[in-house]
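Below is one structure, written out as structure tokens, with a few remarks after it.
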Amino acid sequence: MTDSALNDGGAAAGDPRAAELAGRLEAVRRRISSAAAAAGRTDRLPTLIVVTKFHPAEDIRRLAALGVTDVGENRDQEAAGKAGILADCGLTWHFVGQLQTKKAKSVVRYASAVHSVDRPQLVDALAKAMQNERAATGRAPLDCFIQVNLEDQAGDAGAHRGGAAPEDVLLLADRIAAADGLRLAGVMAVAPLGAPPEPAFAKLAVVSSQLVAQHPGASAISAGMSQDLEAAIAFGATHLRIGSDILGSRPAVG
Ligand SMILES: *Cc1c(COP(=O)(O)O)cnc(C)c1O
């Protein structure tokens with residue numbers, strides 16, 4: 001196999017899906033660098049996490065061959081299955097979905113990071129799971145992002161996309177920082193539906209700076225999806241979670 005066959009995800013070998021993914025990935029990478037330039041950002045480009053939920057493991061294998069290193073999933077069962085199948089790809093797995101405490105044990109077997117830490121019970125469950133996992137495997141600490149709720153107020157439960165209230169972030173941060181096996185990475189948020197993302201990401205940037213004042217190492221900001229990655233980059237995102245603009249639309253379930 002030539003180098004180009006290795007690096008194009010199979011596109012040169014006549015795999016049309018690989019060619020499609022290569023084109024979409026390239027377009028997203030271009031959007032990221034343009035947005036970083038437009039925002040005057042001179043730090044390193046944000047980490048691109050390709051959110052692969054609902055898409056088959058073969059697509060993730062194609063993405064790995066195209067140079068993707070970080071993937072995101074939002075359901076434990078699906079993620080665990082894919083991580084098992086793709087163990088040879090050397091990928092970093094990010095868990096980005098709402099997480100039940102009883103799933104913590106499973107998630108820490110494959111995930112390097114959890115972006116949806118939003119309550120003390122989940123911190124405790126992850127810490128306990130990591131204690132056992134580290135004793136068994138010696139794995140690296142789990143990166144924890146505190147998910148922040150950016151909805152205006154409690155109000156419409158239907159629109160709630162998860163996360164801790166901004167005023168609860170520092171207490172959660174202290175709890176994560178105090179736990180063996182957990183590393184406080186920073187904050188994460190999903191922009192509210194049906195509203196411009198800029199005010200929400202501006203609010204997240206404020207929460208992030210308050211967090212960094214207490215925990216200088218916790219400077220990561222996981223924000224930005226297909227529709228709003230430019231806005232997220234303008235407000236300091238360090239980790240982008242992009243699904244549909246790379247993989248296409250998801251099957252209409254879940
Ligand atoms: C699905 C998902 C994404 C990716 O969304 P797209 O709009 O497909 O880019 C990002 N973050 C979370 C938490 C998700 O569940």
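In case you wondered, yes, glycine gets a Cβ from its N, Cα and C as well.
Here TrEMBL flags 25-251 as domain 'Alanine racemase N-terminal'.
The DSSP secondary structure for LYS53 (N6-(pyridoxal phosphate)lysine) is coil. What TrEMBL records for LYS53 is N6-(pyridoxal phosphate)lysine.
For LYS53 (N6-(pyridoxal phosphate)lysine), the count of additional Cβ atoms within 10 Å of its Cβ stands at 18 [all protein chains shown].
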